[in-house]
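Taking it in order: structure first as structure tokens, then the write-up.
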Amino acid sequence: MKFLGLIWINLKRRKIRSILTFLSIVVALFLFCTLQAVLETVNSQFKIGNENRLVVRNSISIIFDLPISYLNWLKSLPEVKSVSYTNWFGGIYIEERNFFPQFAVDPETFLSMYPELIIPEDQKIAFLKERTACIVGEGLMKKYGWKLNDTIHLKGTIFPGDWPFIIRGVYRPATEEFGDNMYFHWNYLYEKSERAANIGTYIIELKDTSQAANVARVIDEHYKNSSYSTLTQDEKVFLLSFVSLYGNIGLLLNTIGMAITFAILLVTSNTMIMSVRERIPEIAVMKTLGFTDFLVFILILAEAIFLCILGGLSGCLFARFLYNVTGFNASGFLPGFHVSFKTIITGMIVTVIVGFVSGIIPAWQSSRLSIVNALRKV
Amino acid sequence: MPPIVEVKSLTKIYYRDSQKIPVLENLSLLIDDGEFLALMGPSGSGKTTLLNCLAGIDTPSSGSIVIGQEEITKLRGKSLALWRSQNIGFIFQLYNLIPVLTAFQNVELPLLLTKLSRKERHEHVETALSIVGLSDRIHHFPRQLSGGQEQRVAIARAIVSDPQLLLADEPTGDLDAKSADEILELLSQLNKEYNKTIIMVTHDPRAAQKSGRVIYLDKGVLSEQKE
């Protein structure tokens, strides 16, 4: 502890250089935490998938739809408990930047299949009995300042025109990964679009989870030679394939993260090497006074690690604070986005490693320094 | 009085590429406890090399140095550093204070290696600074002090851990005459009042006069001053 003061004084000796290095570490760890949080959020999407639910989609791509006529046959399968269906709406609220996910659903089957949407019973009844009604996540209500029974207007993009909706219910997602979406009656979409709307995905709830693979195979076999062949997956796999539309996002983000880490490693190494080079005579004096090679090694290494921890912790906490306060979720694409405690721990481990690696060469050089040779440089 | 320093057949050879440069040749020397010894000689005669060997910061090529009861030529690494911290006070020509530390912090530096408490360290530092007459400059940085004051802080740093042996490498070499006299007076006081053994390298005959004994080193060979 008695050497902490010495480490701190040495860090302050070139204030501008130390501050710039500190800020570069803050920015780097802020970015690192952001990237890790994106990855964590994307990965958490798989957690909301349920193995008891199957998703049937067009085998060509998720952007192609399926006919409503499939509904009765799917319901008739003996292993199926219930069938619901959804369609992506893609409307704009006032202006384009106000993006949030909107789905046309079959209300009764959908709500009974998704207990993850927690909604008061009276609001649920109000939603079910009114064709233009919708339910929205409480986060959206807060974000746009809506109130229950407000009418909101969306501008259709896939289904053109002005689309009024009455908010009859506000749900709370059981897990934050479920996100803040808007759900409304598929029948309303079908009728107002003059029967242009089809089905984006069918969702099947099974009586027995163990039958999932068998049922999926039966469905896909049945529609194999039709104009709308299907791909049936359990919900987790479906969400995984949805994410894969972005490409190998994990590899991309991890590569960027590593590049950032490498960059701060270079910056910190440079700072430490310059700092030690300026202090060669002082280090020689300290050794003359009786500081051992090992103690000098530890002091220089501790200086690098201390600087990195200071910057890293600030960067991590800033990221956590900023995203928590702003409620950032990339316009709904990253529901539940936040910098977790686990991300902060990972960031701090990276920080300590960077500090260690950047300090080890100057620390080793200092410990190996010959007193007599170094004193000649005074 | 028993000798505190016993140098036997000390040889130091430097190598520059394939060239062999002998600096100290088969040198022997006895220094009594409480002596104030001036070491004189022309530039390149090996004075500083001998001082560095005595301080344990340079290694002789052959021979032995016994200081107190310890043969320091047999010590290496950590044990040598520990011995230095407990037994040697070193005073440099250019003071070599750490510029970012105050006078107090510079003097406290050797005490960080001891097990003294913070309070005890403070007491030791204040005592050392009062001995050198700088109690009123305790929180000044080296840049805020004159050359003579800087050297006083350096002397305080050398004596703060109460070593028996003080080694001074041209302590007045960078000072004006008045400051040099003050420093020499201080060293003399440390020798007489605090019974410190002092070995001082100097070019200045006036400085040498303050010491009790003067020895000459020329081309690596020692000779005693003829009265």
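Using the three backbone atoms N, Cα and C, a Cβ is placed for every residue, glycine included.
Note that TrEMBL annotation is computational and uncurated.
If you check TrEMBL, you get these features:
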DOMAIN    A:18-220  domain 'MacB-like periplasmic core'
DOMAIN    A:256-370  domain 'ABC3 transporter permease C-terminal'
TRANSMEM  A:251-273  transmembrane segment
TRANSMEM  A:294-323  transmembrane segment
TRANSMEM  A:343-364  transmembrane segment
For this session: For the domain 'ABC3 transporter permease C-terminal' (A:256-370), jot down how many residues DSSP puts in helix, in strand and in coil.
Result: 95 helix, 0 strand, 20 coil
For this session: Could you tell me what the rest of the chain brings near the transmembrane segment (A:343-364), counting residues at least six beyond its ends with Cβ under 8 Å?
Result: 25, 29, 32-33, 36-37, 40, 261, 264-265, 268-269, 271-273, 275-276, 296-298, 300-309, 311-313, 315-317, 320
For this session: Would you report the average pLDDT that the model assigns to the domain 'MacB-like periplasmic core' (A:18-220)?
Result: 90
